[in-house]
Structures are given as structure tokens and as C-alpha cells.
């Protein structure tokens, strides 16, 4: 688990071997190819690519393959298993040979001819149907429509009148004209008619048609009477039907080649990826350089591959200063599916550990809690197991759902939910007894345990993330961030619950005082030693931290929280204040930062210390004044400390409110789990309400149960997955994971239709 060690390599190859070498590297999938960059004194990069004459031909082939597959897929027999069928496997040695045997140009040409013929038939059929729709109302017309439009002294318009009112308005507008209105067919209030008018009235008739909204219909292109034109088109449609049957038969026959064409598309698609790698290379007319990264464990295999090419050689090289090194994740098979979750968020930078193993158990458990129904868990686990082992569809998402489904069986059984309250509805004694034997609590009757579990898991994940941040910071040498930013808050968040546990006698009460001291010291660190405002003097930081710690301890003593002798705390506070005063004076004199105001507060602070030590004034309120006066003196001399304390106060506020919001967001685990059970029970109740309907009651119950539970499972699964993602991305990862690294992406085969196995 973690990240694999990677190293940079350089491959020199003759252009005659370039593509074949890239194909072998692609089959192995071990080389991350990066764009070649060469440092040169003139800062200019050399030309990288020799133009590839076959690129246009490749693109044309890919277009043809996509069109052929799209066309023939509509005629091919459905694969067994449908969308759940896995990809057929094909050895790498067979991948290219099978396509070479396909006689691809002829197949593509034939598929293109069939596709064009089908498109032509469809277009002609659509046109004929449109003409039939236009001609049908005009069947009573005895003469060809074109005869009306070929007259010298008279023109004609074929119109459609949609209502009685429209006809009256149109007739009224025609009265001033000599136009003749002849009805061809009447259907209720609608009419199809011919308007005959002299040539000199054409413009007036056109204006009348526009003004009244009467629709004109174009029939002038028909040279026979409508009944004959309809017969002709029906014959043509019959012929198109016959032609389509022949074409369908030919297309179905050719669809047997679909598998080969799909293999060819995968092959030529990967050839396109090879062409894309040309742009990353440094090349001349005869040679090329490939620059990239490999896992150190793959070095031997890479050398064996390159050694198989006479004019190629590989060497290890050093990375350039400041170059981003790709991060290669290394996880066991059972963890690799969860890399999908990480990749959607980001990639670890070069100094971070891989968070996949730190996230995977939480993700699976939280998903299971969001569903919390053992019946649904069985369905999820069974379906995904069938896809993985039955259909051999082993993508990462299905594996994640399988793990989540298995855990859902346990979380659902613990909460007594089996398809909601199905055991109770069935009233089978042994089933109810089995359910009760496995049930820890019923969240619908007693939700508080689920509430506490959700809060506890949120608290634990937050603390675990902070612990990872501390350990990772110490591992990478980021001591300031680990010890002075994360560690204090980790101890505070850990100490306060433990203190509450001691006050409730869950833990020994003797632990309360040391825990309180640790919390107060950590709180002082968050005020003083935070790295956020910038670097500072270690001596001044330690002295101010000691003074703040002593002040907080004294305050705790005043409020009765700390069981330490008061004289010790007062002596500690006065001692740290006096030491801080002396240091401030020394720094002020040496750095010449003493000003009039600072001198005044320094004198007042010293006087206050003397009065308190001499016993003149011993009140706790005066002790607080001593602390404040000397703190002001320090801030006036040591620049930047005032903003540091203000930032510390704000940090205290934001972290306190922030941690409450973070933990409370985990309550949604309970909410989603209870909603799933509630909706399942509602569907059960609805189904049983239908049980009294004669004859069809069982069928109706089954329909409601199947549709209801499938719907509930789909919605609950989606909601649970999304919310679990949110908890990882928003609440968990920010505790310790920065990301921003470059992902190790090996140049490998990418296929859609076949699974290519590596050479042995």
C-alpha cells in the first residue's frame, strides 16, 4: 500500500521502429510518456514531430468504422446478457491479426453502401407519406392540379379553410373581386377549395389570403388527378417496402461482421493514441526520443521490450530540478477499486502518502450505514457478485458497491431491517425470531444509539485524519505544521472528551488534572506557536507560550477546575511574566524598538510585578492586571505578536465551531438509514392494503413490492453513495490530504468492445 517508486527514462529509437515499439509499450501499459523537453541555452525547443502522412487516412477509417458499427448495430442480434455482458477477451497477439484478416476496406465500403441506401429509402418514404397526406383531401378533384395553374388568362390557388368564421371572412374579402371559390371537399367546418381568378387580380387575392389567414396548399407539381397520384405513390411505397426487406436481409447478414468491425475500431482507436504520442516526442527525419516514467519494479520488463528492437535503446536519467514527478499508486487488488474515489478528488503530491487505504474502510462502512437494510444489502451484494463473477464485469464502481452491499447486510441486520419490516408483515415466527436474534437496536423505536454511533464515527474519522496529518508531517520533515498547528488541536479534541469521561466516572478522576493541563498547554500553543502569521523567534514564542499557559492554568484554578496549589500557579505565572519582561527589554534595547508608550507600559508592568511579589496587593484581579500590562508591553516591542494572538483567538473560535459542524454532518448517516427503513415499511404497508382485492391481490402486491423496493433501493443507494463521497471530500480529506500531484498515467490500450490480454 502507498505509492510506488518511479524513475525517469529516455528511449532512443529509429523512426522505422517507432510505431511498433510504441505498440509494444502500449500493450504492456508500464510507461508514462511525458512531453519531451530539452534544456537549451537559447531557451527554444526543437521541432518535435515529423508530419505523419497516414493521419488523415486513419481519421477517415475511424469515421467509417463508427458509421458502420452504428448502422449494423440496429440489425445485429442482441448479445447474451445485454448491457451486463462483459467484453470478450482477445490475446494481444490476435488483436492486430484478426483485423488484418477482415478485409476492412471492402467491409466499410459495403456497410457505407447499405447505410446510404437505407437513408435514401427512408428519405423517399418520408417524402411519399408527406405527399399522400397532402393529396388525400383532394381526391374528389377530377382534373390534374397542374391544369389549373397552366391557364393563360386565369390563375388558381388551392386553399384550406379551417373554420366557418374564416370562410365567411374570406368570402367577404373576395366580393369586390371576380374570383370564383369552388369547394372540393368539406369536413365539418373545414373545407378544401380552389380559387380561380383573373391574372390581373393575383396580387389582391394574395393579400386577401394573408389578411384572413387562409392557408395555401401547393399542388401545382402534380400532373395527374389526385386519385391517380395517390395510386402511384402507394405503389412506390410498396416497392420501398420490398427494397427495405432486401436491404434488411443484407444488413442482418453483414451484421455478422460487427464483432470484427468493433475489434477494428478498438485497434484503430489505439493507433490514434499512438499518433498522439508522436507529438510528445523529439524527432528528426530518422530518429526519435521518448521521455517518460516507469515504476522501478517495471525497469527490467521495459529493458526486455526495448531489447527486442535492434535500433532502440533505453537509459535511466535524472529528473530536472523542479519537475513534477508523477505519483503511481500501489495498492493490493481489494483496495484498488477505491482509487476511483481518490482520483475523482485528486492525486497525492510527491510528499504525501496514498490515502486510499485510510479512506476505503470508512467509505464502505458509511455507505452501508446510509442504507442499513439487510435485504437491500443482499440484493446489492448478489447483483454485483453476479456481474463480477458471472459476467466478468470488474470495474471499480461495481467492486465498491459489492463491498458496500456486504457491509450493508451486517448494518441492516444489527438494526433489524430486512426489506423494512417484511418479517413482521409475513408473520412467519422463525423469520421474526431470526431477525430479533441479530438485532441490536431498532432506530425507528430508539434512534439515540444510531445518533451516538453517527457522532462517534464522525469524531473518530476526524481524529484519525488529524493523527495521519501529524504523522505524515513528521515523516516529511514538516515539523512546524505537524507540532504547532495540528498536534495542539488534536490534543484539545482528544482531551476534552476524556475530561468529560473522567467527570462522569467512566475514567479514573485522577486523570482529570493532567488532561486539563495538556488541553490548556495545547490551547496556549494554538494562540502563540501557530505558523500561519509567519516565522518568529523561538525564544520569544516559548516565553509567551509559558506565560499564556500559566495564565490559563491560573484561571482554571480560580474557576475551581484545577486541583493544584494556588501558590505554585501564582509563582509560575509571575516567574514567566518576569522572564518575558526581561526578554522584551533586552530585545527592545538591542533592536531599538522601544518607544515612549512601550516604556510607560514596561515601567507600569514592572511596578505591578514588584507590588505583587512584595505582597502589597495579592488580589486575583490585580494578578490579571499584572499579566495584561506586561502583555501590552511585549506587544508594543515585539512586532507581530498582537496579530498572532488575534489570529489565535479567531482560530479558537473557528476550530470550535468548525469541529461541531463537521461532527454533526455525520448525523446524516442516521437520517438516510432511517429514511430507507421508513420508506421500505411504507411500501410494505401499501402492498398489504391491496391484499383484500379478490383474484388479483397477489399480483398487485408483488407489483407494488417490486417497484417500491427497487425504487427505494435505487434512491437510497444513490443518496448514500453521494453523501459518503461528501463526507470523504469535505470532512475527511481536508484534515490531512492536500493533493495536487501529477497522476501516473501509463500509455496503455484503451478499448471499448474487447479486452486485450497481455502477451505471455
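Heads up, the Cβ atoms here are built off N, Cα and C, so glycines get one too.
A TrEMBL annotation is a machine prediction, not a hand-curated record.
The transmembrane segment annotation in TrEMBL falls on one of the ranges 317-339, 593-615, namely 593-615. When each of the listed stretches 396-419, 450-471, 483-504, 659-680 is scored by C-beta pairs under 8 angstroms to the transmembrane segment (510-529), 483-504 comes out highest.
Taking residue pairs at least 6 apart in sequence, the transmembrane segment (541-561) and the transmembrane segment (450-471) share fewer than three C-beta contacts under 8 angstroms. Residues of the same chain lying 6 or more positions beyond the ends of the transmembrane segment (659-680) and with a Cβ under 8 Å from any Cβ of it are 366, 369-373, 375-376, 411, 415, 417, 419-422, 443-444, 447, 450-451, 453-455, 457-459, 461-462, 493, 708-709, 712, 715-716, 719-720, 723, 727, 730-731.
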